[in-house]
Amino acid sequence: MTLSGNSEIQQVIGEALASRPYSHDQRAVTNVTAVITVEHDLRFLPRTLASVLRQSVLPSTIVIADCSGNTVQSVQTSFEIIPTVAEVYQEVPEPQRISVQLVRVTQAKSFADAVAKVLRTAQIDTSTKMLWLLHDDSRPADDRCLEALLDAWRNTPTAALLGAKQLDWEGTHLHAVGAYAASHRVTTLVVDGEPDQEQYDTRRDVFAVSLAGALVPVNTVTAVGGVNPWFGTFDESDDFCRRLCRNGKRVVVVPQARIAHRRARWDGVRSKGGEPIDQDDATNTSMAQLSGEQKYRYTDINALWWPLAWIAGLIVAVASAIRLLFRKNPYRAWCTLCMPWIALCGIPGALSARHRLKKVSTVPRRALVPLTADRQQIRQWHARIDAFSDQCNNVVLDPLATAHLRARLIRRWALAATAALLALICTVIMYWGILRYAFADTSMYSNQLLPTDATFRQLVESATTPWVFGIGTGIPVPPTPWLLVLMVCSVCTGGHVSVAMALIFFLSAPLCVLSFWALAGVVTRSDTVRVLCGLLWYGCALAFGLYAEANLPMLTVMVFLPGALALSFKAVGLYRTEAPVNPRSSIQAAAASALMFIPAVAAEPQLLLALIVIFVAFLVFVRRHRLMLLLIPFPAAFALAPTLVNAVRYGADGMWRQLFGDIMVPAATVNGTPKILNLNALIWRTFGIDAPQTWSAWATPDGIRDACIIITMILIVIVAIVALFRPSMFRACRILWTVAICGFALAIVSAAVVVAVMPYGVAGGSVLPGVALASCGLLGSAALMAGSAVKPFNRLTEETASSFPAGRIGRAAIAVLLAVATASCCWYGWSIAARDGVGITGSGLPMVARDYLDQQGDRRILALRASGNGTIEYSVMRTGRGDLIDSSPAYRVSAAYGLQHDTDDEQLARLSAHLLANSDDDAIATLSDLGFGGIYVVTGASGDISARASEQLLANVTASQGTQSVVSSTDGTYFRLTLNATTSQHIDASAQHLVQHSPWRSAWLWCLGIIVVLYCLVAIPRRRTAAKEEQE
């Protein structure tokens, strides 16, 4: 019967037979049958069949086991060879027939299981004594592979199994030359991938060999219970050879028999179901590898010791996972952590495998010492592996190239440090009045930023508890995410929260320069352009009014957002380098990027919405590393988990709008009223510029200043558009433009979302987060036009002059544009430095009131300020100042949509109004019942305070029963409430304690901490002794 079918595998076999070389140098042996297993992936089968058919010694039968299920019924064909005989003139050589069978195999669990099933269904001659086992991706590397195996069998007739030398697919580099026993595992003592120089060809008796290419006597298959498919394809040969050796049989490796093994499934280019996978999309097979090693290890131990081995394995798994995270291998670390639990599921199979081993074991372990690798051999093997890895993975540079790159590195970092220092000096000069008192008992404030007198403990409670402590007697709403950033900064200042605010304010200047300097380095290596981009980014922060209003959340975004985007590009290898080093993907950069997105998204949660779209674009433009890209925004989203859960759970009530708020108090100049903005209105609101009504307004000094900013920004946008047509770094440009478009869309949407109801009216969301994101994309695209901008290192002494320095002219033009834009932004930022009332204050409640609050965390004081005859403002004080940590965007949204009904805050509003109108004993009694211990009436000189209304308020509070004036000054008067004893004055904190001890809060904090630690382990740089790629 011939192969006349139309299936792909039959066509491959037919083509292989048709192209078989005609030669008289071949002969067949009747007692050998070759078994080749194949699955859906047929990429390697043609070369394997061709190599088998070219052997000098052919098996009498070639059985191809089709495990894909595409073969409906078995098919058989044959061909003849005419061997050359010694007495060619005395007799005519008789042809020898080679049978080729295609057999259907279903539900094979492993390679050996497929072989066992095909032997039961194939038509194999009874004279067969030896089986030659081959994968479809394991081919003989030369024409004498089977001949070498047969010669070894004749020379060592006591061998129960003969294995071949395992090489790579090209047959030049080693995988294994047999294996030796170690401590409950096997080791090859061969450096995987080292060149084959016949350095291991003296090996003979070993503990294990691979079944791929092995010559197996038929009686060996059943001698020790057969191969156990429970171990899987990767480790079933190790278990089989272990039982042979423990049964006193010999396992021999034949180095002269060379097998070129592609190891498709091991290398991840073949799926578990046998489907082909492209090399670029290769999967990680660590789970299967570690699972097989664990099966072997447990079955090598007496079952009575398994409980202790499991406990020890759990500890070792944690330690190994941490070590793997340091080595930037997070998936293998995850697989390692899963191993102890997988072991519990595999107990029945392990017991069966252990029983098989004990049943055939007749030789003690000490008799196998010659087949065991000692510690010194293993230590030397690991040293050779490390040396070979360093040689392969690192760029080896000669001294001249190293000196060139070192000089570039010093110059680059010197310019970046100078630019950062310049930004710091500029900020210090503008706000010296704040810096000089920042380390005293003071706090920063502005028209939008509340001061703070909170302790570190109060900050931690506010940042990690879904409870706002300073609204009434407390309400259950999600914590403000930016408080997590402030909490971490407070750790750096020894727990001083107010100092941490000043630290963020001043250090943001040099850090935002360095952050965008890193992002510009993704698309250009021009030192001048990178430095000017960093300074322009700082100038944008000034021009946006972020320093004038002390907008600490937005300053956090300006520091971390460009750096996070830069590391995202580096994670996928999409960045420029300087020859002779080349870009490469980096899991370490991905982890660092994920960590840098946390403070940016925590400061402005609305950025998460745009980042989701941006990373989807990454997945479209970058086809590789998709799982890594998906894991980058995960920590940032988890840090916002309480806010996101609340926004989704109460989304129908409008609570999704809290994503567009931040810790800053909304102001008319920044937030405005909710509406859809056009491009002109978006620009005016971004820079806080009043729209000019006439053309003559542009002729004023302020108009000229504003025109300079707008014109330079328009030119930068034009340059960014031109960058789209530049073929170099085209993918990076498209991603940057996606960032810009998402930023503008986010700004327009945010401006139309209601985030609060303020005295001036309804407040919309801030456009600054979206504009900052768009600016990242536009400035990055403009920097891309500078090109590589680095003269490549050349070892030749001769230099060739450029015929037309068009690149230099273009870079010079871009540098001039960036310099003018930087000067315009800094000029504008300098002129508005004091526009929004940024300052520093040491005032607050009197010392006696602060002492009262510090004694217990559940004590409160009501602060009142009369701003008119019919208007009174109130605030619940739990610290010495109206505190920043109690500013909640979630509460402002819920109050704007009327979701706060019958709360203590509404009751406090009514009581305050009653006290302004007249003396009210019931109001004082109600305040005491709520747990308040005092009232502080603000009377300081301020345009927002009415002197007449303040006097009336003081008189009414004094006349009310149950109050006692304690301290009076020009700033205000403090009244103690005397209706209740001081020891019993505290608010009802039962609901607060219930929230603080919620298992959901504990689970969130533990998971967030573990996630951050794991990402930090991956992000920590590893020191390398050899030359390495530059990391900026």
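Cβ atoms are placed via backbone N, Cα and C, with glycine included.
Feature annotations, reproduced from TrEMBL:
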DOMAIN    133-342  domain 'Glycosyltransferase 2-like'
TRANSMEM  304-325  transmembrane segment
TRANSMEM  413-434  transmembrane segment
TRANSMEM  484-517  transmembrane segment
TRANSMEM  529-548  transmembrane segment
TRANSMEM  554-573  transmembrane segment
TRANSMEM  607-622  transmembrane segment
TRANSMEM  629-652  transmembrane segment
TRANSMEM  704-725  transmembrane segment
TRANSMEM  737-761  transmembrane segment
TRANSMEM  767-790  transmembrane segment
TRANSMEM  811-830  transmembrane segment
TRANSMEM  1003-1020  transmembrane segment
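Pairs of Cβ atoms less than 8 Å apart link the transmembrane segment (529-548) most often to 413-434, out of 413-434, 554-573, 607-622, 629-652, 704-725. Here the transmembrane segment (607-622) sits apart from the transmembrane segment (811-830); fewer than 3 CB pairs are under 8 Å, leaving out pairs fewer than 6 apart in sequence.
Distant neighbours of the transmembrane segment (704-725): 543, 683, 687, 689, 692, 698, 733-734, 736-737, 740, 777-779, 781-782, 784-785, 814, 817-818, 820-821, 824-825, 827-828, 831; these residues of the same chain sit at least 6 beyond its ends, with a Cβ under 8 Å from one of its Cβ atoms. Long-range contacts of the transmembrane segment (1003-1020) within the same chain: residues 322, 325-326, 328, 330, 333, 464, 587-588, 590-592, 594-595, 598, 634-635, 638-639, 641-642, each at least 6 residues beyond the stretch ends and with a Cβ under 8 Å from a Cβ of the stretch.
In the predicted model, residues of the domain 'Glycosyltransferase 2-like' (133-342) average a pLDDT of 92.
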